[in-house]
Amino acid sequence: MATVVIAGRANVGKSTLFNRLIGRRKAITEKIEGVTRDIIKGLVVYNETSFLLYDTCGVFESTRDPVLLAMRDKAFEAFRKADLILFVVDGRSGITSEDEYVAQQLRKIAKKVLMVINKSENMSVVEKNLPDIMKLGFAEYIPVSAQHGNNIDELLDKITNLLRESGEKSMLFKESSPKIAIVGKPNVGKSSLFNALLNMDRATVTPVPGTTRDPVDEMIEINGKKYILVDTAGMRRKSRIERKTIEQFSISRTIDTIQSADVVLLVIDATEGVTRQDKRIADLILSSGRAMVCVINKFDLVNVRKKDYEAALFTEMPFINFCRIVFTSAVKKSGLEKLFNAIDEAYESYCRKVPQQLLSKLASQLPLLSPALSRKNLRIYSIKQIKIKPPKFVIMVNKKELTDYQTEKTLQRFIRERVDQFTGTPLVIEFKSRR
C-alpha cells in the first residue's frame with residue numbers, strides 16, 4: 001500500500017491536517033511545540049482508493065534534547081521510506097529558518113514532495129508570503145485550512161493523482177486483525193515490550209517516564225496470524241496530572257485506544273508489585289468490556305517464584321482471576337511466545353459464541369446449583385447469548401428488581417464453570433423481567 005508522510009517544522013498544523021485527512025481525532029493537537037513525539041499512522045480512504053498516512057514530529061534544526069533528536073531521526077527515516085511527502089508550511093506566519101532547514105533535508109532525500117500551505121483562510125496574506133514559500137524549491141503546492149477543512153478534497157485529489165503518476169498502488173483492506181493495546185503506568189516497560197514484540201525500533205524508548213504521548217500502532221504477523229499492536233502513553237493517577245496539559249490529552253487518547261481495542265495488555269512492573277493505579281487501570285479495561293492479559297514485565301529483576309507472584313496478584317486483584325498472567329522481560333525478550341498464546345486465547349474467548357443448549361442446561365440446573373437465588377424468590381427462566389466482543393447474555397427472570405450485583409457475579413461464575421471458561425474476557429449480564 002502507498003505511504004504518504006507529513007513533514008514540517010513544529011506548530012504548522014501537521015497533526016490537525018492528519019486528523020482531518022483520516023477523518024477522526026487520533027493525533028494530539030495543541031499550540032505547544034513538539035506535541036507529536038511518535039509517528040502516528042492512519043488509513044485514508046478516498047474515492048475508492050486508499051493509502052497509509054503518517055504524521056511525524058516537528059523537525060527542529062538545532063536541539064540537544066535526546067528525545068527530540070531521536071524523533072527527528074525517526075522522522076527522517078519515515079521521509080526516506082515514503083512514496084509521497086506532504087511538506088506543510090504556515091501560510092499565515094510565513095517562512096522561517098526551520099522551514100528552510102526542512103526543505104533542505106527533503107531535497108537531499110529526493111522524494112516526490114507536495115507542499116501544503118496550511119492556515120490559508122486569508123488568501124491575501126498567503127499571496128504576500130508566496131514568493132518566499134516558492135523559494136523553498138518545490139513546484140507542486142496547494143493552499144488549505146486543516147482547521148476549517150478548506151480545500152481538503154482538492155488536496156486528496158492531488159495526493160491520489162501524484163501516487164498514480166508514480167505508479168504506486170493504493171488499495172482497500174479490511175481491518176479484521178485483532179487490535180492489541182499495551183497500557184500501564186509510566187515506565188513499566190510498555191514501549192520496550194512493544195519494540196520487543198515488533199523486533200524493531202518503532203516507538204521511542206528512553207528512561208524518561210511519559211516518552212510515548214500519542215498511541216503508536218503497527219501491524220505484526222506471527223505464525224501466519226496478523227495483529228495490530230498499539231503502544232500508549234503511561235497512565236498516572238488523576239491527582240498527579242495537571243489539567244489542560246499534553247499529558248491529560250495523552251491519557252484521553254489512551255482511554256480511547258482501550259475502548260477501541262480487542263485485547264488490552266496490562267503491563268505491571270514486577271519490581272514494584274501491584275499498586276492502586278494498576279488496579280484502577282485493570283478496572284477501567286474490564287469495565288470498558290475489553291479482553292485482558294496481565295503482563296508482569298521486568299520479571300528477570302526479581303527473585304520470586306511465578307506461582308507465588310501469581311497467587312499474590314490474584315489476592316490483590318481477585319476481580320481479574322479469569323485473566324491469563326504472563327511473565328516477561330522485554331529487554332531480554334523472554335516470555336513473548338507465551339504472551340502471544342495468551343493474546344490468542346483471550347481474543348478467541350472475546351469472540352466466542354456458545355451453543356444455546358449449554359445455556360439452557362445451565363438455566364435448568366441453577367435452582368440446585370445456587371439455592372441462595374431461590375431463597376430470594378428469584379426465578380431464572382432462560383439464558384441466551386446475544387452478542388460477542390465481549391460475550392453478552394440476556395437472562396430472563398420473574399422480577400428484575402430481585403437481582404443485584406451479587407446475582408450478576410454468581411451467574412458469571414456459573415457460566416465460566418459450567419459452560420465455558422471465557423479466559424481473558426469479561427462477561428456482560430443483562431437481566432430482563434418476563435412479561
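Each Cβ is built from the backbone N, Cα and C atoms, and glycine gets one as well.
The domain 'EngA-type G 1' feature in Swiss-Prot is assigned to 2-167. Annotation source Swiss-Prot lists GTP 1 binding site at 8-15, 55-59, 118-121. According to Swiss-Prot, the domain 'EngA-type G 2' annotation covers 178-351. According to Swiss-Prot, the GTP 2 binding site annotation covers 184-191, 231-235, 297-300. Under the heading domain 'KH-like', Swiss-Prot lists 352-435.
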Task: Cα proximity to F299 (GTP 2 binding site), best match among binding-site residues G8, K14, T56, S120 - done: T56
Open item on the list: Considering Cα atoms only, can you say which of G184, N187, K190, T232 is the nearest neighbour of G8 (GTP 1 binding site) among these binding-site residues?
Closed with: T232
Open item on the list: Rank the binding-site residues N11, T56, S120, T232 by how many other Cβ atoms lie within 10 Å of each Cβ and give me the one with the fewest.
Closed with: N11
Task: DSSP state at N11 (GTP 1 binding site), helix/strand/coil - done: coil
TODO: Run through the domain 'KH-like' (352-435) and tell me, per DSSP, how many residues are helix, strand and coil.
DONE: 36 helix, 20 strand, 28 coil
- [ ] Would you identify the secondary structure of K190 (GTP 2 binding site) according to DSSP, in three states?
- [x] helix
- [ ] To the nearest whole angstrom, state the Cα distance for the pair T56 (GTP 1 binding site) and T232 (GTP 2 binding site).
- [x] 16
Task: Assigned element (helix, strand, coil) containing F299 (GTP 2 binding site), judged by DSSP - done: helix
Open item on the list: Between K14 (GTP 1 binding site) and G184 (GTP 2 binding site), how many Å separate their Cα atoms?
Closed with: 28
